Structure formats: structure tokens, C-alpha cells
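K.L.:
A single structure is presented below for examination.
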Amino acid sequence: MENGTGDEQNHTGLLLSSQEFVTAEYQVVTILLVLLICGLGIVGNIMVVLVVLRTKHMRTPTNCYLVSLAVADLMVLVAAGLPNITESLYKSWVYGYVGCLCITYLQYLGINASSFSITAFTIERYIAICHPIKAQFLCTFSRAKKIIIFVWSFASVYCMLWFFLLDLNIAVYKDTTVVSCGYKVSRSYYSPIYMMDFGIFYVLPMVLATVLYGLIARILFLNPIPSDPKENSNTWKNDMAQQNKTVNSKMTNKSFNSTIASRRQVTKMLAVVVVLFAFLWMPYRTLVVVNSFLSSPFQENWFLLFCRICIYLNSAINPVIYNLMSQKFRAAFRKLCNCHLKRDKKPANYSVALNYNVIKESDHFSSEIEDITVTNTYLSSAKTSIGDTCLSSEA
């Protein structure tokens, strides 16, 4: 994806450099950075998909959107990062005409799907927190799956436009021939498409996210007590007291405060994802806009590398954010690793009675770090008899 070349040399792909002018130092730095970032990102995003699909309590609408985002990021890392490595090694396009079409298509599909996935979970968070009654029938897992299918279907059809713009460009020099995946039309034809992408998949999602997270912050941080009558604390206390007067009466305030803290934490985590998306995509998007108005586009190799690294970081960093800011994701990642390490060991049979006290809030459909409080008495006894379990054996 580059708008940084002139009509006489129309390269495509994620900001591929002018290979005939790169130095050995540039090649080494490119290969090492791309391998490191893309490798970690691929592993991290695969883990996100696995923990959500294999852990029952992680299958929430918000996590459904995060799986969509992880798949899109995987597509970007594989379709954009790996071709950059081969071009740095061979200084030429090695995947042929079909590879040129398919790889470029997958790059744009991943980028556009990730942008819409972020927009989808932003809207879902807004409804869940600012309109908790509506969230009970709008923020459901089945509806989230339908929205994701629509997002990917729309992005798939939209990105087919690139099939009609791409071709292999061959440059013949005295001692070598360089093949590149580029455009078969002049820059005046494909620049408007870049500008349309800029508006639909960057400006619009970021403006919408800014407005919605502002409204969320006003409700969640300035007035944390939910306005939904079903969540009235006094009613909740009375109902819980009738069910378990001895244990639950001591946990009412703590559990309710824990729910509020959980809602804040998940909102902070998703807001960080959006902010990083905005800042890490800004160098590339800015370059595209600026080059659209320059007669001789700016294409300094080191700056192009910087733009690429920012894009790869955006696709690779989300699993790190989940691990740092979500206790449930952190525990699920740990269980996934332990499950593979202990796969050959047969777990001991056990039978332990646990008393669960679930806090039901109107946005429980969408909170991936929603707390399930276990009484201290049973928890202490459970710790002595329950070992590590794999993700598929969640209570």
C-alpha cells in the first residue's frame, strides 16, 4: 500500500522501498525488525483467537469483535510483513502475477476489516454502558457474529477493486532486471481510492470513536452508578440477602464496586487499542495524503520503513495490551500455555462444591472481564484440591 511512488514506477504493497537504492544496512535492519515484530504479533494474535474460542466464559460480544480484529491483524502481518522480507532479500518481487493480486488484496482486506472491527466494538461499548437496557437485546453474542460477517463481507467486496488496478512492473537495468508488484494505471487514477480509504477506514472511525468514548467517559467515570432500574443497588442487596443471608450480605458492596471497576477497566483497555490504532497509522495515512498533492512523491527509504514498522506494531501490540490490562485474558493466556505443557499428564479426578455469586449487570453481555465472585471459604478449600486445568474445562 503505497502512494509514495511516481507514475513511472508505481509500486504497491505496504510501502515497499525502491529496492535498487537500498543499502545492506537497510536490508539487515528491515529483516530483523519485521521478523521480530511480525513473529511476535502472529503468535500473540493466534493466542487471542484460541483463548476466546476454547474458553466458554470468554465468548462475549466484545471478545467476538476482538477475535475479528486479531484475524485481521494476522492477515496484515502475514500478507504485508513476509513479502517485505523477501523483497529485502531478493530486491525483486518473487510471487508472480497471482501473488501480486492476492497478497495486495489480503493486505487491504486485513486493514479495512481491522478498522471496522474497532468501530464495531466501540459502538458496542457505547450501547452497553450508556444504554444498558437496550444492551440486553442489542449486545448479544449472536448479533455480534452477524455484524462481523457483514463487516468482512463488505470489506471483501470493497477490496476487490484492487484486482483491476494491479500488474507486474518490470524495470531493466544494465546488470539486472527488477520485478515489482505495482499499478497498471497512473497515479491520478488510484490516488482518489487512497483518499476514499483514508476517509472511510481512518477519519470516520476515529471521529466516531472520539465522540463515543467521550460519552462513555462521562457516564462511566463521572457517574459510575448505572441508571438502569434493574441495577439499583438496594434492590440487588435485598434479592441477594434472601438467597444467602450469611455469606452474601458481607460481599454486596465489594461485589458491586468490583463490577464498576471491571466496566471501567474493559473500557480503558479498548480505548487504548483505539488510541494506538490512531497514532500508529497516522504516519502512513499522512504520507498518503501529502503525496497525493506532490508532483514528485516523498519516498525516503528510512521513513517508509518507519511507517511500515508502525503498521506492524499496531497489528502486533494488541495481545500485549490484553495481557497487561485484562485479568481474564492474562489468566487465559497462562492456561493456554500450561495446557500445552501438561497435555500428556492425566489430571487427577476431583469434586469440589463451589458457591458462585454472579453479579448481573445490564451490560454483562459484553464485558470480557466481568467478575464472578467466589466466597472466600470455598475458594480457600478449592485451591488445595484443584490443579491447573486446560481451557476447555472452564467451570
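Cβ atoms are placed via backbone N, Cα and C, with glycine included.
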K.L.:
Where Swiss-Prot annotates a disulfide for C100, which of C38, C159, C181, C307 is the other cysteine?
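P.N.:
Among C38, C159, C181, C307, the record in Swiss-Prot lists C181 as the disulfide partner of C100.
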K.L.:
Quick one: which of N10, N244 has N-linked glycosylation site in Swiss-Prot?
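P.N.:
Residue annotated N-linked glycosylation site in Swiss-Prot: N10.
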K.L.:
Same side of the membrane for F298 and R330, as recorded in Swiss-Prot?
P.N.:
no
K.L.:
Among 31-53, 196-217, 269-290, point out the range having the most Cβ pairs under 8 angstroms from the transmembrane segment (102-123).
P.N.:
196-217
K.L.:
So what's the mean pLDDT when you look at the topological domain 'Cytoplasmic' (218-268)?
P.N.:
59
K.L.:
Provide the number of Cβ atoms within 10 Å of the Cβ of C100 (disulfide bond), excluding the reference atom itself.
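P.N.:
For C100 (disulfide bond), the count of other Cβ atoms within 10 Å is 23.
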K.L.:
In the topological domain 'Cytoplasmic' (54-63), how many residues does DSSP put in helix, strand and coil?
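P.N.:
Tallying H, G and I as helix, E and B as strand, the rest coil: 7 helix, 0 strand, 3 coil.
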K.L.:
Give me the count of other Cβ atoms within 10 A of the Cβ belonging to C181 (disulfide bond).
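P.N.:
C181 (disulfide bond): 25 neighbouring Cβ atoms within 10 Å.
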K.L.:
Does the structure show the transmembrane segment (64-85) and the transmembrane segment (299-321) touching, where I'm treating 3 or more Cβ pairs under 8 angstroms (sequence separation 6 or more) as a contact?
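P.N.:
Contact between the transmembrane segment (64-85) and the transmembrane segment (299-321): present.
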